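Scroll down for the structure; my scribbles are underneath it.
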Amino acid sequence: MSEQANSSGIESLSNGLRERNAQASKPIGDGEVTSQSLEDKLQVEEGDAADAEKKTFGRTPDGKVFTVPPTRDMVSQLLSPSEPKNISDIFVLAILGCHILLLWCLPSSFRIAAFAVIFLFWRASYNIGIGWLLHMQSNGRTLVCWAKKSNIFVNPSTGQNPHPTLYKMLKWELETKISEQYSFDEAPTEYNTWLVFRRVVDLILMCDFTSYCLFAIACGGRPAGESFIMLALRWTTGMSLVLFNLWVKLDAHRVVKDFAWYWGDFFYLIDQELTFDGVFEMAPHPMYSVGYAGYYGISLMAASYKVLFISILAHAAQFAFLVLVENPHIEKTYNVPPPRKRVAVDTDTKLQEDENSHEGSVVSDIANSAPVMPALQPVSMHNLLGLHNIDLYRSTDQSVLLAQLLFFALTTVTPSTPVYQFCFVLNAALWRIWYSVGIGYILNRQSNCKMWTRHFVKYGESNHEAWRQWKGTYHLSMTMTYASFIAAAWKMYSFPQDWGYGLVLLRHILGASLIALQIWTSTSIYESLGEFGWFFGDFFFDQSPKLTYSGIYRFLNNPERVLGLAGVWGAVLITSTKSLVFLALLSHTLTLAFIQLVERPHMQKLYGQSLRRDAGLVRSLKRSLPPSLKQIHGSVDKILDESFEFIEEFIEAARPKLATGVQTFVKDTSALFQKYPARVTISRLEPDLAGYDLKDYSITLEGTQPSQPTQFERASDKEGERARSMQFRRGEQENLIFEYGAPIKVKWTAPLNHSKKDWIGLYMVTDNTSREVTSVASQGRWIATNQASFDSETCEQGLISSDIVLKITREDCEPIDVASGEMVFSGDKLWWTQGVFEFRYHHNGKHNVMAVSRPFEIRIGRFDEDIVEADNYGLVRAAVEAALLPVVQNCFDRDPEIAPQTAEEHYGCLVERDGKYSKRVVFAVQHMFGIEFAPEVVRADGNVRNLAWRICNAKKVLAPYSMSRSNGASTPTTEHED
């Protein structure tokens, strides 16, 4: 079920909470609102003020506003005797009864396997079945399309509903359940579809939980030799987890109501502000994280590893459901980029470059025309963290990889004798001391007197160079610290001889879980802070103090204080050695000291009173504590503060000696040193093709032609003498060449009786060897010829008109009437590469080809440097901007919200969120200018002007290695060398 609560304006995405308000629920469709507006609806209801306050108003994607009737929760509907029961309730209860009866009837030897299969079936129905339905509904409104196509919610008296019995049953079912403020005939199709979807969800969720409990009962037992104290402790802990799980579910339902519980925003949105409190202040995704604590409580009470393993599997499947289904929908629905601010630019003064000839270095050529970048915070284009950011051309990555290989080699080739174990533990301890004390000292000095930055400024470097070197130092220190700890843990670990002995298996499971928790915590911290915050950027760059709490920081002030070291204690559980306990205690103590002595003073100095005292989890716990425990909490805080104050005073007194030693050490040390997706071949022959004349089918194309020089790029000096000149062609013989990324209009004709499920797809010419049957999937690059013909609205995007009667004359001079239509392929329905393509008209939803368009070519023309004076930098850059702007607009789908209208206008926010746009641009730049950029460069530059400057700069730097003709000086000859 959907576990997202609703926020009133605080970071809706980073913590998984859906921010639902009036602004977020605007119509998604492009058409105008055909129903009465929300204001009109409110005016109708304002006669009864007390009543109106209790009402919730929903809004469908096409803008229709309706009153959302109150509904009851699933358990009350099914199990409460006071609630009216209908056929679906009786059916669900009967299925649950069959599960319980099956447990009683099956023999004990077969019971565990049977209920394991039953539970996995219902769990797959939940995560895969419901997940697929919600995914299709989110992307193509498939469930609503099914309902509209079948007309099951249309009154049979209109003659449009072919299922009157089903209509009567659904009407009785839903109106029995919702007796207040609900009319089956007046409710929107989206709402009725959601109600039917709810009944399916009720069945799956109830059977999922029931089968899990029955599986636990089948596996339950008492371990041999277990003492009464362990039995009581096991059941007490298990029941506590189950009760906590129950509270999480109830509190979550109190906050999100049935609307979010049953994924209502996949169907419609509500117009109201909703609160953010309770369990949603305690943990991110509480329904999917702490909301599964009961599974582990039941596993503990059952004392069965089988129940524990199947609980872990179910929990992992639930997280996959969250990542693959819910999060993309949340991003699309509630995290819509804000409208871009338009900036009026004076076209007469937008280019004010120095037009003097460039006789000096590259830096002097471009100094006056460099783009204005924000100086407060460095733009991150080449990140360090993550496997996908590894760059073997970068010295930091080379050092890190070589060090890891060295550690791996030493760990594997050396024996695990006490001497080597001591050396590895000592090495891990020294690295941890350096990582906390050494790095902490550098950051403390940087915070107080900019020591690190001053060192680089002394040698003429900039603060950005100091920042770059600091990131490398910190990254290397961090990786070495954890590599040394892992090596020490490996040396101290001994493979268990008997996994069933004692708590060996449980220790490994808990240890692996703690390691996974630390990995997730570190990932969440990085997603919240970014590269700048991860490397303590506010110690190096003074920016306006604006502190925001997003992601994991909404729940914890310092997640690294506990959760950030969970993996260290996980290694302790797995190895069960005193040496690892020592390393874990040392790591935890030094981390707490680092936070208290380095981070906290700097944060107080930088942000002052804007620092938050208590995080969401602490606030929730304090509200639930009795007054006596609150007083104890205050006393503990006072003791800790006094202890850290004593440590600070001690370090302050010893600082001169420490500084002298560190400076000497630094001086002495510095003196020494990317798919191819699987193609599904589908060949479905239609038996009734004999009734159609292929001459009545046709496809014609209209698109944006590229510039004239691009048309003649085929001709070069590589051919024979007779082939160097291009033939003059026109009309049907003219080569069709369209711009990269430009929309293509397709006009089609078909017989008047053509199938309403016909469709047109875009393919590479070389993809299909047959002209009669298409053998490869279109991968989403297709549009239906008629509306409401398929169970998705995605295939209708780009459809302009259909079934317009047109009189044409055949080749045999016979005039006939045909159906015609138009559609536009753009954005994701295009191929974002160069090549030769064709459109294919297909019959009746199958892959039988009725018509094929003329082949056309998508080509990116190379920038002609000969058209401008290479010595005039201003003219070159202006020409690059002029050539680049339309290409960037095409790459951004010509969307006015993200595509710039001028070279100075910044890109829309969606470019930073969706990497496909920047990847399109770098592909085009590489083919236009012969320069390969990373996608991060496009996002960092922010507009065409800055990107053009970067291209010109790169062309100058790479001029000696250019493979194209240049007006500049050539390589020096022997005569010049002499």
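Even glycines carry a Cβ here, placed using N, Cα and C.
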Same membrane side for GLU560 and ILE760 per Swiss-Prot: no
CB contact flag for the transmembrane segment (282-302) and the transmembrane segment (474-493), at least three pairs under 8 A: no
Contact between the transmembrane segment (400-420) and the transmembrane segment (305-325) (3 or more Cβ pairs under 8 Å, separation 6+): no
Within-chain partners of the transmembrane segment (422-442) [C-beta distance under 8 Å, separation at least 6 from its ends]: 411, 451-452, 474, 477-478, 480-481, 484-485, 487-488, 491-492, 579, 582-583, 586-587, 590-591, 593-594, 597-598, 658, 662
Annotated stretches the transmembrane segment (305-325) and the transmembrane segment (200-220) touching (3 or more Cβ pairs under 8 Å): yes
Spatial neighbours of the transmembrane segment (200-220) far in sequence, C-beta under 8 Å, 6+ residues away: 1, 74, 77-78, 88, 91-92, 95-96, 99-100, 102-103, 108, 111-112, 115-116, 118-119, 122-123, 125-126, 129-130, 262, 295, 298-299, 301-304, 306-307, 310, 314
Outside the transmembrane segment (474-493), six or more residues from its ends: residues with CB under 8 Å to it: 384-385, 396, 399-400, 403-404, 407, 410-411, 416, 420-421, 424-425, 427-428, 430-432, 434-435, 438-439, 535-536, 568, 571, 574-575, 577, 579-580, 583, 587
